[in-house]
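So that you can see what the record holds, here are the features copied from TrEMBL:
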- 21-46: transmembrane segment (TRANSMEM)
- 27-289: domain 'MacB-like periplasmic core' (DOMAIN)
- 318-344: transmembrane segment (TRANSMEM)
- 321-443: domain 'ABC3 transporter permease C-terminal' (DOMAIN)
- 365-391: transmembrane segment (TRANSMEM)
- 411-435: transmembrane segment (TRANSMEM)
């Protein structure tokens, strides 16, 4: 095997060995680099975009939602609930809040339910404790209301009135919330303040910019933000990534949100965080059975986002297959270059065959050549594609942020896709090498020796 490897390297070098690889081999490697780089670039940007959408949804929308059902008559028409579910994804994409504003405190939920009280929460928490795929069950307030609020700008008190979208959250450990706001708030001190039920508030960057005209990297000194009779301290800002939803959104501890909406110990609904979010449908059915006697409506995030993610997955497959074809086309280039190499090195091939080198060794030599080209091409292509995706995402986030429907999307490189690309390129090169090697092995020895 050692002599076969040495022969393969000698075939790849230039005739005078001034360069490590001859022109034809370099051209083959370049073709692989271009194909892999474009494929990795497209997938990394696309997967990063999808990952960002997932992060946004999970950071403000529970993976599973439990709502009170006040409907007691089995003959009541609930067809409008199906219509609400079908339109929910469109509402999110259009930037509309999923939960409708309540005109009174008796019906704060999006559907027909009444607010949860603390007693109900304890009962449901005990029923779901230890259930497979369930991590946390927490009460949530997520409502929109017209508030009068005041703040200080340049030492001047400003009072204004507008709708605020309030997300009230709770956490037992200060690290894990429902919904998973830790995805968009990375500062542990901010999360800890929310979990301790302090009189604090975190503003969206869109709302902060609308109020003060700029967005700070970090709020070093908290300042007063009064909403109605509630005196709160602004301790930070968060960036959700969708302007239309976050433009008037604030995050507070659960007790603060309860006071703002006069809920006492109540909540808009109960949110559930799952170990495997994409199994939300199956888990929802099991939870419905377990809570059958509690008169509870169970919803999951796939109800509003499954169609969107299925479409994105389908588009990804189209992109993946289309760009893989560019690598298949590169195989023709590799074949042509190997054919030229055979013509240029006929005398060397003839000498090897006259020395008793078997046809199987010829096949191995060409296979080694093809795999060296594949390894070098894939490695460089992965690096260039990854760096290109990173540069593009950074440019789009900084320069085109105002025009993008989803902001702050970074790249995401899927390990399985990378392994698949490596295997595919290796197989394509191996098949091409086999065809070329077969052609070389069938050459006439005498004609090869006379070709010098």
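Keep in mind that glycine also has a Cβ here, set from the backbone N, Cα and C atoms.
Non-local neighbours of the transmembrane segment (365-391) in the same chain are 4-5, 7-9, 11-12, 25, 28-41, 44-45, 48, 334, 338, 410-411, 413, 418, 421-422, 425-426, 428-430, 432-434, 436-437, 440; each lies 6+ residues outside the stretch with a CB under 8 Å from one of its CB atoms. The average pLDDT computed over the domain 'ABC3 transporter permease C-terminal' (321-443) stands at 82. Assigned with DSSP, the residues of the domain 'ABC3 transporter permease C-terminal' (321-443) fall into helix, strand and coil as follows: 104 helix, 0 strand, 19 coil.
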